[in-house]
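S.K.: Provided herewith is a single structure, encoded as structure tokens, for subsequent inquiry.
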Amino acid sequence: MANIDINKLKAIENAMGQIEKQFGKGSVMKLGEDSVLNIDAISTGCLDLDIALGIGGVPKGRIVEIYGPESSGKTTIALHIAAEAQKKGGAVGFIDAEHALDPSYARNLGVDTENLIVSQPDTGEQGLEIAEALVRSGAIDVIIVDSVAALVPKAEIEGEMGDSHIGLQARLMSQALRKLAGTISKTNCIAIFINQLREKVGVMFGSPETTTGGRALKFYASVRLDVRRIDSIKQGDGIVGNRTRIKVTKNKVAPPFKQAEFDIMYNEGISREGNIVDVGVKEEIVQKSGAWFSYGDIRLGQGRENAKQYLKENPEVALDIENQIREKHNLPLMDAVIKETSQEVKGKENKEQSDK
């Protein structure tokens, strides 16, 4: 690169100094300086998805959109992120615009519902104002809005059935995101917007699918995740879960268009052991010979379900395999697996008290 004139450099430094005095430290910087740090992330609770995102989870200080058809696992993924944030000592806010949050299911996924901040707003404006107030406090690590489609503008709620309200929701989202984007970045909070799919009428070529709430969220989101249910997991005659595929359709912090596949088990959430088996085989850390799965000299079991069960019963083996995979992808290592739901913790506390 050509050398910049010394007088120009001095002028730039003086200008930057004045800007920092006026607007605060970090308001302007050179990209090559140490002040631009690596992007921190919070794990999604799914090893394959953490790898697909490139930085080991969803980026802090950014907006994330999770969208897909009904019952594909969007809220489950958001709740897993909430649980991971709480494990690190973070605070989580949940704007339940759909009025459909199931606390017992959230507890099963590892969410500390006692300390989860929940709001069930009456209007879209109220929901987004509450979200902004929580983010502005600087104490919230993750804010989840479930869902954009349920953020109904006040005019629509107060109006009559059949009234036309074209573009109201899109305008509301555009205005809210303009206000939120800067605050989210400054407070290093992750804003997760869950969104639904709609069909565009009269589309001949390309995908007729679109998300609700206009185009603003597509632009402001640093990460967009397309969640699809691709198969059902059967045990005997009953269905016990879904096979889910996520495509990273937009990623501003790592290469996009990567995919992750995993099991979501009913009342349990993402199957960690199933994910370790799948990724382990893909990375050749777990060997598959016929129907048998093995890790070094350890035989995990015949068939995937038996291998999953072995890892459930032997968490230290699962941890060892997971850390090898994480090391290979330069992701932070796991210290220990503590998978106790708040119900189990409460049960233990009650037992201890009764023993006393």
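One-based numbering along the chain as shown.
The backbone N, Cα and C atoms fix where each Cβ goes, glycine too.
Annotation comment: Swiss-Prot describes Gly68, Pro69, Glu70, Ser71, Ser72, Gly73, Lys74, Thr75 as ATP binding site, evidence class sequence analysis.
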S.K.: Using a 10 Å radius around each Cβ and counting other Cβ atoms from all shown chains, which of the binding-site residues Pro69, Gly73 yields the largest count?
M.R.: Gly73
S.K.: Neighbour count, 10 Å Cβ-Cβ cut-off, for Thr75 (ATP binding site): what number do you get?
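M.R.: There are 24 such Cβ atoms around Thr75 (ATP binding site).
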S.K.: When you measure from the Cβ of Ser72 (ATP binding site), how many other Cβ atoms are you left with inside 10 Å?
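M.R.: Around the Cβ of Ser72 (ATP binding site), 22 other Cβ atoms lie within 10 Å.
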S.K.: Hey, for the ATP site built from Gly68, Pro69, Glu70, Ser71, Ser72, Gly73, Lys74, Thr75, who else sits with CB inside 8 A of the CB center?
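M.R.: Here the non-site neighbours turn out to be Val227, Arg229.
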S.K.: Long-range neighbours only, meaning 6 or more apart in sequence with Cβ under 8 Å: which ones does Gly68 (ATP binding site) have?
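M.R.: In sequence order, the residues whose Cβ lies under 8 Å from that of Gly68 (ATP binding site) (at least 6 apart) are Lys74, Leu197, Asp226, Val227, Arg228.
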S.K.: Take the Cβ of Lys74 (ATP binding site) and count every other Cβ within 10 Å, whichever protein chain it belongs to.
M.R.: 24
S.K.: Can you tell me the three-state DSSP label for Gly68 (ATP binding site)?
M.R.: strand
S.K.: Can you check what DSSP calls Lys74 (ATP binding site), collapsed to helix, strand or coil?
M.R.: helix
